[in-house]
Amino acid sequence: MSNTNNQIQVGGIILCGGESLRMNYPKVLLPLGQELMLQRVIRIVSEVVSPVIIVASRDQELPEIPDSIRVVYDVNPGAGPLPAIALGLRELERDCQAAFVSACDTPLIHKDMIQAILSKLAEHDLAMVREGQWYHPLAAVYRTSLVETIEEMLAARIQRPIDLAERVNSAFLDVEELRSIDPQLHGLRNINTREQYFELLRETGLEATTRVPFDR
Ligand SMILES: Nc1nc2c(ncn2[C@@H]2O[C@H](COP(=O)(O)OP(=O)(O)OP(=O)(O)O)[C@@H](O)[C@H]2O)c(=O)[nH]1
């Protein structure tokens, strides 16, 4: 397992405190074969970085997760990704110089994509996937030293991760570059609706081994 980037320690932060409104079912608990969605994302992210922490909402149900995975809870539930990222960076700052940040709803995330993002960091403060005019702040690596800047932004009610990317020394991994290792960009595909979930089960062949918790 490699968890360093130019000799720095890189941890992982998985955000899972969203409301899952479009799914109308907790995404972290969605079965995918023998695993639940969050268990799968934890497994894959943990293959590349360590330690891995979860940022959750205090009242949400979580699946069983390995003892090595710490869970921290949103201070203001539903405040969105940037406060959750700040919380995760604070939690990791003693052990790590940077953290790979992921959503919990990108089940096809893979090792090669995470490593490609980490390799963009070099001397930058942040490395993020860019898709045309869109950015993927939850497919990105952030230095833990950014936490003060993020907290200042939040205090000024600036909440968009892209505003952070524009303020600091950022590197971008263009999706076209990513296509050389992941032509369909599976690693970025997020599952928000039941339709997308069923499509995923069909396309991956997981349908046969998955006990779906709601009617089709
Ligand atoms: N800890 C934490 N995670 C969040 C928060 N908001 C979103 N996330 C996570 O960020 C990722 C992307 O979230 P969205 O795509 O907006 O999904 P969502 O909020 O879960 O679902 P919708 O309610 O359908 O929008 C998911 O992994 C969410 O769990 C938050 O306020 N706190």
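For all residues, glycine too, the Cβ spot is worked out from N, Cα and C.
TrEMBL labels come from automatic prediction, so no person has curated them.
TrEMBL annotates Leu15, Cys16, Gly17, Asp74, Asp105 as GTP-binding residues; of Lys27, Lys111, the candidate listed for that same site is Lys27. The Cβ of Asp74 has fewer other Cβ atoms within 10 Å than any other of the binding-site residues Asp74, Asp105. A mean pLDDT of 97 is what the model gives for the domain 'MobA-like NTP transferase' (12-160). DSSP assigns Asp74 (GTP binding site) to coil, not to a helix or a strand. Binding of GTP is attributed in the record to Leu15, Cys16, Gly17, Lys27, Asp74, Asp105, and the widest Cα separation among these residues amounts to 18 Å. Annotation note: Asp105 (GTP binding site) sits in a coil segment as assigned by DSSP.
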